[in-house]
Amino acid sequence: MVDTCFLGRGFTTLVGLLLLPFGSLAASQIEDQAEQFFRSGHTNNWAVLVCTSRFWFNYRHVANTLSVYRSVKRLGIPDSHIVLMLADDMACNPRNPKPATVFSHKNMELNVYGDDVEVDYRSYEVTVENFLRVLTGRIPSSTPRSKRLLSDDRSNILIYMTGHGGNGFLKFQDSEEITNIELADAFEQMWQKRRYNELLFIIDTCQGASMYERFYSPNIMALASSQVGEDSLSHQPDPAIGVHLMDRYTFYVLEFLEEINPASQTNMNDLVSICLI
């Protein structure tokens with residue numbers, strides 16, 4: 001039911017990108033590609049990006065998530081189709097020597113916070129309950145559109161999570177946890193309610209693979225930064241601010257993503273080739 005570090009059925013291009021290279025094609029080729037595209041059952045893309053950690057020493061988890069956010073936007077998923085959840089605002093932390101910035105590389109060349117970041121859930125809004133409500137659509141009617149995952153059975157969804165975890169759980173805010181059983185049940189609800197076509201789940205946390213051990217729904221591909229019993233490693237230490245700027249797994253996934261563009265024919269096998277798990 002769940003592919004782990006394997007080519008998920010139907011993931012012909014990375015994260016199911018919608019943009020097709022029509023510019024140089026003949027009319028008949030365009031028609032053939034369009035017909036194949038709609039037969040695939042996939043017409044739109046969404047991303048749910050979640051940093052579950054608070055406190056300055058977890059700077060890297062915020063940078064992880066913002067870096068993935070930047071990449072999926074560059075590859076064609078608009079803010080209207082991204083739900084961004086950040087448990088802490090490192091850009092405004094009083095310990096940040098460069099206010100209003102978050103960097104993911106020690107050369108400090110790229111501010112991943114930028115001028116156009118749209119955070120949908122922040123600070124104490126990032127809870128297990130709110131995350132599960134976003135996935136399953138069980139949200140109060142007063143909730144604004146920007147806080148909703150308005151996917152359907154033609155949606156390919158990327159769910160990225162990062163934080164501190166253990167065997168079968170991921171911490172939220174250092175005050176509560178989501179278990180692998182709760183996550184698996186949420187994905188099954190999504191499938192039963194026709195809320196996705198295919199789902200790519202990526203998690204960067206210690207013992208990350210334990211979070212997909214209980215998955216039982218179809219059309220899910222899962223990738224993790226660590227096996228059960230293993231740690232997820234930090235990366236890019238910055239002595240000037242006393243923290244690491246990223247986690248290693250996310251760093252190399254993003255390095256891969258930066259080499260592709262919306263017209264690339266890069267597929268999931270190419271991503272898996274750099275996957276350590």
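For all residues, glycine too, the Cβ spot is worked out from N, Cα and C.
Just so you know, TrEMBL annotations never went through curation; they're auto-generated.
Copied over from TrEMBL:
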- HIS164: active site (ACT_SITE)
- CYS206: active site, nucleophile (ACT_SITE)
- 1-26: signal peptide (SIGNAL)
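Between the alpha carbons (Cα) of CYS206 (active site, nucleophile) and the residue listed as 'active site' lies a span of roughly 6 Å. Sorted by the number of other CB atoms within 10 A, the active-site residues HIS164, CYS206 start with HIS164, the lowest.
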